[in-house]
Amino acid sequence: MATTIPSPFNWDSSFCVGNNELNEQHKKLFALINALDANRSSASALKELLDFVVMHFKAEEDLFAKVNFSDSTSHKETHDKFVQDALGLKTVGDAEIQFIKQWLVNHIKGSDMKYKGVL
C-alpha cells in the first residue's frame, strides 16, 4: 500500500524511526531528493544522492547486525533492489522523481518503522 507523499516533500516527525543518526540521514535523503528534483539534468546531484543512499543503507545494516535485528535479511533485500533500480536511471523526469519519493516514503513508514524501538 502506497503512503501519501508529503507536499512539500520534507521530513517531519511522522518519519521518526527512534534513532537520531538515522533520522538525520533520512532528513538528508529528503534534501538530496529535493536538490535532484530542482536540477534533474545534474549528473552530480544524482550521483550524490545515490552515494548517500548506499552509505545510509550500510549504516542501517551495520546497526541491524549489532542488535541481531530479525528482519535484517528482508530489509537488506529491499535496499539492494532499490539501489539496482536507481543505478539504472539514465534520465530524471517526473516519473523517476515520483518513483524515488514514493519509494523513500513507503520504505521509511513501512520497513524502517519495524526497527523503531529496537535500534
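For all residues, glycine too, the Cβ spot is worked out from N, Cα and C.
These figures come from a predicted structure and were not determined experimentally.
As annotated by Swiss-Prot, Fe cation 1 binding site applies to H26, H56, E60, D112. For E60 (Fe cation 1 binding site), the same-chain residues 6+ apart in sequence whose C-beta sits under 8 angstroms from its C-beta are L22, H75, H79, D112, Y115. In three-state terms derived from DSSP, E60 (Fe cation 1 binding site) belongs to a helical segment.
A helical conformation is recorded for D112 (Fe cation 1 binding site) in the three-state DSSP classification. According to Swiss-Prot, the Fe cation 2 binding site annotation covers E60, H75, H79, H107, D112.
DSSP gives H79 (Fe cation 2 binding site) a helix state.
When the binding-site residues H56, H75 are compared by the number of other C-beta atoms lying within 10 angstroms of their own C-beta, H56 comes out lowest.
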